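If you check TrEMBL, you get these features:
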{"type": "DOMAIN", "residues": "A:55-282", "note": "domain 'ABC transmembrane type-2'"}
{"type": "TRANSMEM", "residues": "A:57-80", "note": "transmembrane segment"}
{"type": "TRANSMEM", "residues": "A:86-110", "note": "transmembrane segment"}
{"type": "TRANSMEM", "residues": "A:131-160", "note": "transmembrane segment"}
{"type": "TRANSMEM", "residues": "A:166-187", "note": "transmembrane segment"}
{"type": "TRANSMEM", "residues": "A:199-219", "note": "transmembrane segment"}
{"type": "TRANSMEM", "residues": "A:257-279", "note": "transmembrane segment"}
Amino acid sequence: MSTTPTTGAAVSTASEQEALRKAIASGTRPPRASAFAACRAFAWRGILKIKHVPEQLMDATITPVLFTLMFTYMFGGAIAGSTKDYLQFILPGIVVQSVLFTTVYSGVALNTDMTRGVVDRFRSLPLWRPAPLVGAVAGDSIRAFSAGAVVVVLGLILGFRPDGGVLGVLGAILVVLVFAFALAWVFTTLGLVMRSPSAVMNTGFMALFPLIFLSNIFVAPETLPAALEAFVDVNPITHLVTATRGLMDGNADGGDIALVLGEAALLTAIFIPLTSRYYRKAG
Amino acid sequence: MTAESPLAIEASGLVKTFGETRAVDGVDLAVPTGSVYGVLGPNGAGKTTTIRMLATLLRPDAGSARVFGHDIVREADAVRGSVSLTGQLASVDEELTGRENLILLGRLLGHGIPAARERADELLDAFGLEASAGKLVKNYSGGMRRRLDIAASIVVTPRLLFLDEPTTGLDPRSRNQVWEIVRLMVSAGTTILLCTQYLEEADQLAEGIAVIDRGRVIAEGTPAQLKASVGAGSLHVRLLDPAQRPQAERVLSARIGTTHLEVDPAALSTPCGDADQAAEAIAELGRNGIAVAGFSLGQPSLDEVFLALTGRPADEDAETATTEERVA
Ligand SMILES: Nc1ncnc2c1ncn2[C@@H]1O[C@H](COP(=O)(O)OP(=O)(O)OP(=O)(O)O)[C@@H](O)[C@H]1O
Ligand SMILES: [Mg+2]
C-alpha cells in the first residue's frame, strides 16, 4: 500500500544526474539499420547465446557422433558386408541427418523467445520485419555446421575417404546448410503456432524421423519394396543425400544439386512469409 | 504528415478483445507532447493491452489512434521510428549480458559496431550498471534489470516512451531512481506514457491521469482533480491488538468520519486530509487505552480511488481477471 507519504527524494549525486542527463541528450538517432545489418545483428545475438551456453552445441554434436558409430559398427556388417564399405556409403547421409535434426531447434528457440518480453521490444523497432527471424536462423547455421563438421571429422578418423576431396566435402556441407536454412523455416512456423517448446520439439522430430528413415541414407532404394521405393524417390531428403554423396564422392550431378536448391528455394518462399506473418500477428 | 501535432497520442474508441474478454473496451486518450501521462488501473484493467496497441504490437479490433500524427495501423513503421517500449515483462534479453543487450539494440537502431559499443558504455555508466555490464541479465536484481530496460529504451532517445509499471516490485530506492530517470527524460523533451497501479506514482510524475477499469476510462484529470474527487487522503491506523478494532472504529468514526476496515485484521482507515485532526484522533485512541502499532496519513490508494469512482474495491477486478486467465 502506498500510504506513506514519499517525496521521491534524489538518490543520486549531482554528477550521477549529470551523466544521466548527458546520456539522455546524446541519444541521437542514426539512419535506420539496413535489412542486412539488422539480420547480422540478430545472427550475432544467436551466436552470443551459444557462446554463453555452449552445452547447446554438445547436444547438436553428441547425437551425430553416436549415430555414426552405431550405424557403422552395428549395421555395417549386416547391410553392406563390411563396416568400411558401409561407412563410405552412409557418411554423407549421416551428415545430412545430423544437420537437419538441428533445424528443429530454430523453432524451439523461437517458441521460447515468444514468451519473453524482449520480443515486444524487437517488434516495436523500425526494422525490416523478418530480420529477427532471418538473423536467428542464419545464426543457427553455426549449430548446423558444427553438427556436420563433427560427423565429417569422425568419419575421416574412422576411415571415410571422400574422392571429391576437400572441395567436394565443403561443397557438400554448403549444399546441406542451404537446405537446412530452408527447412528451418518450416519449424519456425511450427514454433509460432504451437503452444510450448516441447510440443515444437516433439512435432518437429516426429515429422522429420519418417522423412529421414524413408530416404536413401541407410539403404539403396532399389532394395526396397516398390511402394516404399516410390516414396523414397520423391522424398526431398533423398535428393539432398544424392547430391551430397555425389559431391563427396567426386561424381556430382549438376541436375541433382539444382533439384535440391530448387526445393530449398520453394520451402523458403513458402515458409518465410508464413513465419513472418505469424510473428507479426503474435501478441 | 510533417505537421507537428501538439498531441503525442490521440486515441479514440480503441477496442481489443481476446475471445470473451473485452480487454480494452473503447479507450480514448489525448496525451500532450512533452509531459508524463499516467494510466492508472488495477490488475486486468487493460493497461498493457492499450500500450501494446499504441506501440504497434497489437492491432486494434476497432477504433483508431495516432502517435505524433501517424496512424498506428497504416503508418506503423513511422510510429516505431519515434517510440520506445519498456514492457511490463522486462524487455531485455535474459540470456545476454547487459552490455550485449545495449550493443544489440544500438546495431538494430542503425549504429555501426564501434558507435553501438560506445553508446552502450555511456549508458551503462550513466545508469550505474558498469560493474555488472558483463553479467548475464538473468542474474540481475529487479532494480538493475529495470534500469537496463530503461537504458535499452533510450539507446536512441525516443520522442515517446511507453513505461508499463516500471516500479512494480522495486524497493523504494530503486523506485526513486526510476522516478528520477523519468523526470530527467521529460525535462529533455521526451513524452512518457506511464502505466501504473499506484496513485502515488502517477501523482509524483504525471501531469495528467486517466483511470481505467475493465477496459474503459472511468475518470480523467490532473492528479489534484482526481484526488479532490476522491477525498484528500486517509488516516491509516494499525493496532497492536486486532481485538480492539471495533472499539477503535467507534472512536475514529466519532472523531473523523466513516471508518473503513481493511483486509488486515489489525488495520483500519478513515478519510482525512488534516494532520491536526489526525493527531487528535490518535491521541484519543491512546486515551481510550487502544494501543497503536503505527499510523500514517497518506494519499488515497488506488483502492480508495476505485471505491470512490466505482463504489467497489479494485481487488474484485483482479480476482475476475485471474480467474479468466486461468480459464482461458
Ligand atoms: N494475449 C492475451 N490473450 C488473452 N487474454 C488476454 C491477453 N492479454 C490480456 N488478456 C486479458 O485482457 C485483460 C486486460 O489485460 P491487461 O494485461 O491489458 O491488463 P493490465 O491492466 O495491464 O493488468 P496488470 O496490472 O495485471 O498488468 C485481462 O483480463 C487479461 O486476462
Ligand atoms: Mg499490465
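Using N, Cα and C of the backbone, Cβ positions are placed for all residues, glycine too.
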Chain residues outside the transmembrane segment (A:199-219) and at least six past its termini with a C-beta under 8 angstroms from it: 71, 75, 79, 90, 93-94, 96-97, 100-101, 104, 107-108, 111, 186-187, 190-191, 228, 231-232, 235-238, 241-242
Contact ranking winner - A:57-80, A:131-160, A:257-279 against the transmembrane segment (A:86-110), Cβ under 8 Å: A:131-160
Long-range neighbours of the transmembrane segment (A:166-187), counting only residues six or more past its ends (CB under 8 A): 92, 95-96, 99-100, 102-104, 106-108, 137-138, 140-141, 144-145, 148-149, 152, 200, 204, 207, 236, 240, 243-245, 247-250, 252, 257, 260-261, 263-265, 267-268, 270-272, 274-275
